[in-house]
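Quick notes on the structure that follows.
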Amino acid sequence: MRTLSSGDTMLLLGLMLLLLPAAAPTDQSGTGSPGLGSSPPVLLHPQPGPEEFGAPGVASARSAAEGPGEDGAEHHHHGGGFRVVQWEWTYVQTPYIIAIWLLVASVAKILFHFSQRFTTVVPESCMLILLGLVLGGIVLIANKKQLYQLDPALFFLFLLPTIVGDAGYFMPARLFFDNLGAILTYAVVGTLWNAFCTGFCLYAAKLMGVIDEHVQADLMDFLLFGALISAVDPVAVLAVFEEVHVNETLFIIVFGESLLNDAVTVVLYKVYISFVEVGGANVLTADYFKGVASFLIVSIGGTLVGLVFAVVLGFVTRFTKKVRIIEPLFVFLLVYLAYLTAELFSLSAILSMTFCGIGANKYVEANISQKSRTTIKYTMKNLASIAETIIFIFLGISAVDKSKWAWDTGLVSCTLVFIFVFRAMGVVGQTWVLNRFRLVPLDKIDQVVMSYGGLRGAVAFALVVLLDGEQVKAKDYFVATTIVVVFFTVMFQGLTIKPLVKWLKVPRATNRKPTINEEIHERAFDHILTAVEDIAGLQGYHHWRDKWEQFDRNYLSKLLLRKSVYRKSELWEAYQKINIRDAISVIDQGGNVLTSARLSLPSMASRASFPEVTNVTNYLRENGSGVCLDLQVIDNVPGSKVVEDVETHHVLAGNLYKPRRRYQSHYSRHFMPLGEKERQDREVFQRNMRIRMETYKSSRHKRHKKERSLKKRRGSDAKEDGGEKPRRNVSWQDKDPAVVPEDLEKDRAEQSDPEKEEDVGITFVVRKPETPKLRPKSVPAALDVCQRPSVVPLSPPTENSHLPWKGGVGSPPPCVSVEATKIIPVDLQQAWNQSISSLESVSSPPAPAEPVHPRVSALSRLGGPRPASYTGPVDALTSPSSFCFPERMKKKKKQEEEEEEEEPGASQELQPLMLPVRPPVLPPPPSPPLPPPATGRRRNPCVYLRSLVTAPPPGSGELHSRRPTQL
Amino acid sequence: MSSVGCSEPKVQPLCSNCSFDVAAGHLQGERQSAVCFCRNMGSSSSDMKTVPNSQELMEETGFSAAHLFRLYERFEFLDKDNKGHLRPEDFEAVQELSTNPIRDRIIGSFFPPGQETADFPTFVRILAHFRPTEKSRTRGDQPEPANSSTGKLKFAFQLYDQDRDGKISKDELLQVLRAMLEMQVTEEQLQSMAERAIQEADLDKDKAISFEEFRKTLEKVDTDQKMSSRFMK
């Protein structure tokens, strides 16, 4: 069905070229002589004159960098004179126009978001369509002819896959499969019902004369139209529902339906097209059965193709250890190939891509590096966003094309009424049946939202444009009707669904990350239910899920996961993610944390009444387990000599910079070396943090007053802010966490750092202040909590922990969990160690129920505009500070360990394949990182320190430069 | 299991086959004999529509007669030697259960403290925790049904709370974590996880999670849904 028709305009073809240069040979330029085919710039040349190709050696001698176009070459040959500046429009035309379009679309997006109030009311998709209408009008006026329109081939081959790929890959698998029954029902039964009813009723309307005579269509035509207009569109649903934030069950049902109904649409469309071709009268009974068989093949086949690619993808990413940089590429390519392959066999491409994404996600995410994960996430979101923008703009532009229009009020209004009525009827009927089986029934409000959320979009438009005008006489009428339907659903329903949802009080999505307790207990619940179902002899959902998980554990994971990650449990991963999130929030806050924590307790007048000292402190204490502070340092009172030594040492250690390298000696396109530069950055960062902590301790009393007055001034608006620190969760469903009360959005957007907004899960950990009365009582217990080192047996003797150089070989850092530690600058621990004695009180752990203290987030922003309070201390870098810094060496080691830690499993796994890169370094066992394995690498810390100061240590130098030099 | 008998609400206090007053048979031995007697009367399941104490159990647990019957069949199936009660070994004999990491806890929950055996009412009462919660059932004067979200949480809570002191200590949490994570993480990682979990939940600083704290940590979770089995609706 979706044949690649050659694009109408240069732009559309050009966009294809941009996205997939390999497609270029289908372009006109592909007609060139074979000798030119190897030169990409020539391939992109829009209209090469044949005579230029005839000139031997002209094109091949030219490199892309020099870039004189063919025209220029011609002038050069004929005119003789050399031109300094040449106009090469034809050479760059296509990509240039594409780039300009993208730029316009992106700028438009920025402009929409200038007016916060406006964007909270009007969905972006509406704005884009309107913009498209305007642009289309301009083009039409300028050219008297519409140049651009949404080309089906472009849409199906490039725009749609980017959106579906993003949706599939980031689909929450558990939620999806939990509701798979409902999703499938709505997708298959619902779509069939809509298609047939709309088709038949339109035909009836035609017979009754409601639809004009000019619409030359019989039953088959109307059924065909019904088929293409009935499918809920994933692009529109995503665009609109993303801004509505209904609860996740509701969202996954509507969105899942819009994805999975693709198979039904494809089959119905194809079947009816063939029926229209042979004529309604000539259709045999067997053809109907063929249609059913075709549906099964298209849907199941598509799913299988997707799953096969998912397995391939998982398997490939197992071996990307040494080529981390192209990990994302594998993901994009294989997911895209899943789509194309399904399209190749005319199976359901959307199904294929969706299942490829869902299936591969778990394994891929486990296999690839953190940076690749981020890359994939942002690139996918980026592409999907661009594609969405283009789709909506072009929908608008396409509407302003008189030549394709044929208006019939009867047809349009009938279609609008029918699709809405049948959607509602279908939803109510199916829900009634489904609710008999569903654990959590879908109530009336859900049904209203589902009916109303049945948006039609670009898929319908592309399909209707693809119709053959010869076969389907009423094509122009259908096109016009489809455009109206799409506009109506996207704009009218998209605009009104938000107020509707609000008015109906539909449970909203909570943009919230699960706490560790939730993770643990929910897992326990699963086990309990599985056991109960087993005991009661019921082969229920949990029973089968458990069976699948066993299969996954025993076979699939072994096949698709690296050995190093295979053993890691999901719960542990979740735990680590939580830790990392918290750490990021601490680090991101930087100095602001301190301010906000203080300001969150405006009623406390004196320093003694700060039950929670800082967020950082709290965080560290609360995470004491994860960060594993070495608290024995505090527990024991060292001798004066030792103290002196320690101080001397740490003054030195803290203030001696390592010699810095100004430039990166190794430049590599293939690796992003994590070398000197980064270590130096880290050092600077740690220094700054430390100094901040120091100055904070000494000056917070003073500053507190200042803050308070300041707070009073800004208090009114700051206080109201619902406490929603903009947490940007760029997952599949909530691109834009608009959980904040709308009237405050403006405020928020202005004040908050946009970059922070982009970051995942910034969570404040702040608690309700304890009353001062309680404080004295709580101190001992709380202190005890924090002071318990998490691993007692591993803690070295006190002196050793004080004097790193006495630590000797083989004393592992007491802060055990390397994985957890690496996320925290150890200086924070250090600073905390320092401050703990001076902090009179430590308080309750953060209430997870209210992770965001209402005022903190607001006030943390206040910290932003006033960096002045921190610059002073930062400037004081060079002045010797008196804090001790016992863990510096450990940190060094830890950093090494951390780098090493990444290797173990994989290097083991790959050892037979590669040369021993670091023979003396024993890779730790693949099991989760224990400190002991690293002991082999540990040299005398004192020597080590000296070597650090004077020259890059041989070992670490090798370690750090290994990647770049490897090339 | 046949579903033939399920739809017939023929459950009576009196055993229809043998006229033995089962409802009166509160004592273990009597019920056992009643069951045995019935079983002797006919071997096909359609003949045994009787479930001891069915009326009371239905009222107490909210199970329908059909469900109760099905559970009774299952009970008898598990009760390999027709003892009339189940022992831990009977549960352990369930094949699928062998892979469940916390099966000991769950099996243990069928046996109230000090009891070695679980009779049918106990069996049903435990399983009643997993019926979906009815929204309509909000009669204030009644004791909280087992399938309320509190009931479900209590069940989960006592799985952790092995010494039944009303608090989940770190050790208790560790045991469950250890079981669930098996060999996948090290002891320290377990420790840190347990500590973090307790710190997160612990509101009153006693380094343990009380039931209230437990409930509080899970209040954002849809317990009703997550602790219900569709098949007991």
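Backbone N, Cα and C atoms are what each Cβ position is placed from, and that goes for glycine too.
Lifted from TrEMBL, the feature list:
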- A:1-26: signal peptide (SIGNAL)
- A:28-77: region 'Disordered' (REGION)
- A:28-46: compositional bias 'Low complexity' (COMPBIAS)
- A:96-114: transmembrane segment (TRANSMEM)
- A:103-503: domain 'Cation/H+ exchanger transmembrane' (DOMAIN)
- A:121-141: transmembrane segment (TRANSMEM)
- A:153-171: transmembrane segment (TRANSMEM)
- A:183-205: transmembrane segment (TRANSMEM)
- A:220-241: transmembrane segment (TRANSMEM)
- A:250-272: transmembrane segment (TRANSMEM)
- A:292-316: transmembrane segment (TRANSMEM)
- A:383-400: transmembrane segment (TRANSMEM)
- A:406-428: transmembrane segment (TRANSMEM)
- A:449-467: transmembrane segment (TRANSMEM)
- A:479-501: transmembrane segment (TRANSMEM)
- A:692-763: region 'Disordered' (REGION)
- A:715-754: compositional bias 'Basic and acidic residues' (COMPBIAS)
- A:837-967: region 'Disordered' (REGION)
- A:917-934: compositional bias 'Pro residues' (COMPBIAS)
**Fill in**
Residues outside the transmembrane segment (A:250-272) whose C-beta sits under 8 Å from one of its C-beta atoms, at least 6 past its ends, are 1, 164, 167-168, 172, 175-176, 179-180, 182-184, 186-188, 190-192, 195, 220, 223-224, 227-228, 230-234, 236-238, 241, 287, 290-291, 294-295, 298-299, 302, 346, 348-351, 354, 442, 446, 449-450, 453-454, 459, 463, 506, 509, 733
**Asked** Restricting to the same chain and to residues at least six past its boundaries, which positions have a Cβ under 8 Å from a Cβ of the transmembrane segment (A:183-205)?
**Response** 176, 211, 218-219, 222-227, 229-232, 252-253, 256-261, 263-265, 268, 410-411, 414-415, 418-419, 422-423, 425-427, 429-430, 433-434, 450
**Asked** Does the transmembrane segment (A:406-428) come near the transmembrane segment (A:220-241), with 3+ Cβ pairs under 8 Å (pairs 6 or more apart)?
**Response** yes
**Request:** Would you mind listing the long-range same-chain contacts of the transmembrane segment (A:383-400), meaning Cβ under 8 Å and 6+ residues beyond its ends?
**Result:** 15, 101-102, 105-106, 108-109, 124-125, 128-137, 139-140, 146, 148-150, 155, 158-160, 162-163, 165-167, 235, 238-239, 457-458, 461, 465, 483, 486-487, 490, 735
**Asked** Under a Cβ pair cut-off of under 8 Å, which of the recorded stretches A:96-114, A:153-171, A:220-241, A:449-467, A:479-501 contacts the transmembrane segment (A:121-141) most often?
**Response** A:479-501
**Request:** Six or more residues out from either end of the transmembrane segment (A:479-501), which same-chain residues have a Cβ under 8 Å from its Cβ atoms?
**Result:** 121-123, 125-126, 129, 225, 228-229, 233, 236, 239-240, 243-244, 246, 392, 395, 398-399, 404-408, 411-412, 415-416, 419, 448-449, 452-458, 460-461, 464-465, 467, 508
